[in-house]
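Notes follow once the structure below has been shown.
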Amino acid sequence: MEYDVIMIGSGPGGYTGAIRCAQLGLKTAIIEKYPSLGGTCLNVGCIPSKALLDSSEHYYNAAHTFAEHGIKLEDLKVDLPQMIARKTNVVDQTTKGIVFLMKKNKIDEIHGVGSFVDPHTIKITKADGSEQTITGKNIIIATGSKPMSFPSMPIDKKRVITSTEALTLQEVPKHLIVIGAGVIGAELGSVYARLGAKVSFVEFADSMIPTMDKTMGKELQKVIKKLGADFYFSHKVTKVENTGDEVVVSVDTPKGEQITLTGDYCLVSVGRRAYTDGLNLEAAGVKADNRGRVEVDDYLRTNVPHIYALGDVIRGAMLAHKAEEEGTFIAETIVGQKPHIHYRLIPGVVYTWPEVAAVGYTEEEVKQEGIPYKVGSFPFKALGRARASMDVDGLVKVLAHKETDEILGVHMIGARAADMIAEAVVAMEFRASAEDVSRMSHAHPTYTEAFKEACLAATDNRAINM
Ligand SMILES: NC(=O)c1ccc[n+]([C@@H]2O[C@H](COP(=O)([O-])OP(=O)(O)OC[C@H]3O[C@@H](n4cnc5c(N)ncnc54)[C@H](O)[C@@H]3O)[C@@H](O)[C@H]2O)c1
């Protein structure tokens with residue numbers, strides 16, 4: 001069978017790109033190694049982790065804030081197997097939705113491991129060992145990423161686990177040691193801290209979520225500390241050992257001393273790596289870089305012009321919505337359109353509670369690039385809406401150009417920040433100044449007023465409610 005496009009991988013980038021190809025009239029096949037569609041994000045990433053984050057937040061509120069709201073509960077318990085079962089149900093519904101979308105768009109769905117035979121031919125090895133070969137005028141590599149580890153921290157999937165196993169635990173850990181306080185560590189560490197686990201974060205850098213604006217990491221640490229977590233920043237893990245019922249983690253302190261931490265589970269969340277295993281890129285002559293990522297040009301084309309790649313398997317942020325934009329971009333490029341992705345304006349979100357969300361430059365970046373800037377901040381606790389819901393932690397920080405007032409970056413930590421960041425993206429896509437946003441009506445009382453107030457603060461230090 002010959003296709004216009006073969007998409008290898010059905011994560012958010014793969015399935016979105018396949019649908020856009022089909023919409024543009026291209027005969028499209030999608031190959032997926034696993035029985036269900038949706039990739040890491042839908043099966044063992046974004047969606048299931050959000051289901052557990054929400055459940056753990058409900059529990060935490062029931063245990064800690066309901067009484068102040070005037071709601072009394074007795075005999076409150078965590079039923080972790082039920083929590084995990086609900087999460088599995090959410091995943092099932094979501095992945096079945098993708099099957100429906102493939103059928104609706106007449107995309108051929110083929111399950112099995114895809115590997116290149118030559119630059120136009122893909123062999124699919126199915127679970128029962130049978131093989132199928134198809135050819136494509138264009139091929140898109142969307143095979144995503146896998147959790148990274150180091151030889152000193154071997155993953156046994158029982159006590160030394162990755163995010164995948166952390167989504168299926170059948171008991172709340174007594175002491176969860178989290179290696180790496182980046183996005184996954186913060187999200188899943190906070191789930192189990194809320195459910196009652198003692199959580200210790202061991203992080204190489206000097207703060208949580210170290211690649212985001214430093215103010216966000218500091219604020220997030222304050223909130224997670226309230227859950228009883230411990231932090232070991234600028235500490236280096238040298239060894240992780242499963243001793244049966246326990247995990248012993250050996251750590252070098254910044255002073256050069258060696259300490260050990262003992263817990264019942266250890267979550268290794270030290271980043272992810274591009275996943276190209278089994279693809280047989282050599283048969284197509286496709287080049288990978290020194291980090292194993294498929295090399296692409298500005299058009300997301302590999303060194304073989306009809307083979308493209310997108311998402312976690314190439315350079316850039318490992319974000320589902322970045323991959324989705326790239327899927328659409330490639331489909332439109334194939335049919336001769338001139339699409340565009342504004343990488344600087346792809347938002348980043350950490351789904352802790354409160355959430356962290358950001359778009360554009362961090363303060364550290366504007367300093368480093370020598371861009372003249374000014375800052376406006378506004379804390380959520382000064383908002384009536386936040387006090388009404390008892391979600392008073394966090395702030396909005398706006399960076400604007402000192403001379404032109406153009407918004408350069410927006411960083412939020414607070415309730416509903418993940419949704420609110422969309423307003424900042426729109427403002428920045430249209431190159432708004434802080435004053436532009438200051439002059440737009442924001443409904444009262446809402447959390448979005450914090451963005452307007454931070455813009456007022458940046459415009460002329462004239463926030464109203466502070
Ligand atoms: N909400 C989201 O958008 C979301 C959610 C999950 C994952 N992701 C993406 O998936 C990828 C993987 O997530 P992640 O949290 O594993 O990676 P990450 O890069 O966000 O964080 C890894 C952290 O581990 C630390 N680290 C590395 N080696 C260490 C060591 N030996 N000892 C102690 N600390 C060490 C790093 O300094 C870093 O802070 C990221 O690119 C992330 O953006 C995104």
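Even glycines carry a Cβ here, placed using N, Cα and C.
Where the annotation comes from TrEMBL, it is an automatic prediction and has not been curated.
According to TrEMBL, the features are:
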DOMAIN    3-327  domain 'FAD/NAD(P)-binding'
DISULFID  Cys41-Cys46  disulfide bond
BINDING   Lys50, Gly114, Thr143, Gly144, Ser145, Asp312, Met318, Leu319, Ala320, His321  FAD binding site
BINDING   Gly180, Ala181, Gly182, Val183, Ile184, Gly185, Ala186, Glu187, Glu203, Gly271  NAD(+) binding site
DOMAIN    346-454  domain 'Pyridine nucleotide-disulphide oxidoreductase dimerisation'
ACT_SITE  His444  active site, proton acceptor
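All features noted in TrEMBL, drawn onto the structure.
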| residue | record | CB count, 10 Å |
| --- | --- | --- |
| Cys41 | disulfide bond | 24 |
| Cys46 | disulfide bond | 22 |
| Thr143 | FAD binding site | 30 |
| Ser145 | FAD binding site | 21 |
| Gly182 | NAD(+) binding site | 22 |
| Ile184 | NAD(+) binding site | 23 |
| Ala186 | NAD(+) binding site | 25 |
| Glu203 | NAD(+) binding site | 26 |
| Ala320 | FAD binding site | 20 |
| His444 | active site, proton acceptor | 11 |
Handout entry: For Glu203 (NAD(+) binding site), the three-state class that DSSP assigns
Key = coil
Practice task
Can you check which residues sit near Met318 (FAD binding site), meaning Cβ under 8 Å from its Cβ, same chain, 6 or more apart in sequence, and list them in order?
Solution key: Ser145, Arg272, Gly311, Asp312
Exercise for the section: Under 6 Å from ligand 1 by C-beta, which of these binding-site residues make it: Ser145, Gly182, Ala186, Glu203? Sequence order, please. Expected result: Gly182, Glu203
Practice task
Give me the Cα-Cα distance between His444 (active site, proton acceptor) and Gly182 (NAD(+) binding site), rounded to a whole Å.
Solution key: 34
Exercise for the section: Please classify the secondary structure at Ser145 (FAD binding site) using three-state DSSP. Expected result: strand
Handout entry: Cα-Cα distance linking Ile184 (NAD(+) binding site) and Thr143 (FAD binding site), given in Å to the nearest integer
Key = 20
Fill in the blank from the handout: One finds that other Cβ atoms within 10 Å of the Cβ of Gly180 (NAD(+) binding site) number exactly 23
Practice task
Note down the number of other Cβ atoms within 10 Å of the Cβ of Lys50 (FAD binding site), including every protein chain shown.
Solution key: 15
Problem - Mean per-residue pLDDT computed across the domain 'Pyridine nucleotide-disulphide oxidoreductase dimerisation' (346-454) - result: 97
Completion exercise
Note on NAD(+): the CB centroid of Gly180, Ala181, Gly182, Val183, Ile184, Gly185, Ala186, Glu187, Glu203, Gly271 has further same-chain residues inside 8 Å, namely Val178, Gly189, Met208, Ile209, Ser269, Val270
Practice task
Between Ala186 (NAD(+) binding site) and Lys50 (FAD binding site), find the distance joining the two CA atoms and give it rounded to the nearest Å.
Solution key: 13
